[in-house]
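Asker: Here it is, the structure in full.
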Amino acid sequence: MPTSSTSPSPSAPAGFSLAGMVEGVRLSLPMVPGILMAAGAVGAASAEKGLSLGEATLMSFLVYAGASQLLALQLWPSTWTWPALAALVLVVFAVNLRLVLMGAALQPYLARGMPRGTPYLALVTLTDANFVIGSRYSADGGRDTGVFLGAGLFMWLIWVVATVPGHVLGYMLTDPRRFGLDLVMPLLFTIMAVGLFRLKRDRLVWPVAAGVAVVTAQLVSGYWFIIVGAVAGSVAAGLFRRHD
Amino acid sequence: MTDWLDQGLIGPISAIIAMAAATYFIRVLGYWIMGREPLTPFVRAALEALPGAIVVATIVPLVVRGGISAWVGMACAAGTMILVRRDVVGLAAGLGGAILVRALGLP
């Protein structure tokens, strides 16, 4: 199946249609294997951290943001304290901050094609995946906002459902270390890093983030090094932006 | 009553709800801001680099702390990703490397 063959007709009026939602589902099909794998990993990591199947599924349903779920599970405490909860929410917040850019980029497309206020409902489904689909579609001249929502709802459903077998599998393995399952999260992050790296932008930013994180990890217990290192790198990117 | 506040209020469920609230806030924030005024170049550059910075700040200290199996696994995953650019293949290579190192009895 071709990935994006139907080019939207530029003359079509801005709006929202069921046909657009079906088109959004069609455009998200190539992403299904990746979603299944990531949701399975989240499910398995939830089981390893002692979440019940209900809690793991609830998290996938309510949060629906893979990288932040994996990171939160990495920090998941065995006993709950207010600082532990605050650190967790802060990390989730930081990891998902990239969605601010995506929401900003989609604003003209969504505001034009949907009744006032409804984009705030449609944005519940915002992820990297339907951002790519929606922004590519609107860059090609498409104006049906059903494409964005259809893709988002379809992948949300798959995300929640695929968490279940991952959790069951993770729960059944009695010795997860032997199969390297404790390394799934660091490995997925390594893979993400390779995909995210842009030489011009990151050759200065990444050493700053890594160096600050390593030093912080030596000085402060817990997972604060993630937040401190990430903020340092991000500010560095803002400061260095003219030196490209 | 205060016992209930101390013991019942925080736990997995309330953490999940707090995570969801934070994520929803971020999902609509960019849309809301753009409806008023565009982002400054500094903020834009900082936000663009943020995902990579988070990932690096997470894994580098873990690598420094981790055992040989973690180093080998992450090197295999990164190397495979650079060559093949497919997440599934990278993960399989990383897990394969780590399992092999552990089968040899190394940490």
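Including glycine, each Cβ sits where the backbone N, Cα and C put it.
As annotated in TrEMBL:
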TRANSMEM  A:27-46  transmembrane segment
TRANSMEM  A:58-76  transmembrane segment
TRANSMEM  A:82-106  transmembrane segment
TRANSMEM  A:147-172  transmembrane segment
TRANSMEM  A:179-199  transmembrane segment
Asker: Report the listed stretch (A:27-46, A:58-76, A:179-199) having the maximum count of Cβ pairs within less than 8 Å of the transmembrane segment (A:147-172).
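Answerer: It is A:27-46, which has the most Cβ pairs under 8 Å.
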Asker: In the same chain, who gets a Cβ under 8 Å from the transmembrane segment (A:179-199) while lying at least 6 residues past its ends?
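Answerer: Here the qualifying positions are 38, 41, 44-45, 48, 67, 70-71, 73-74, 170, 173, 206.
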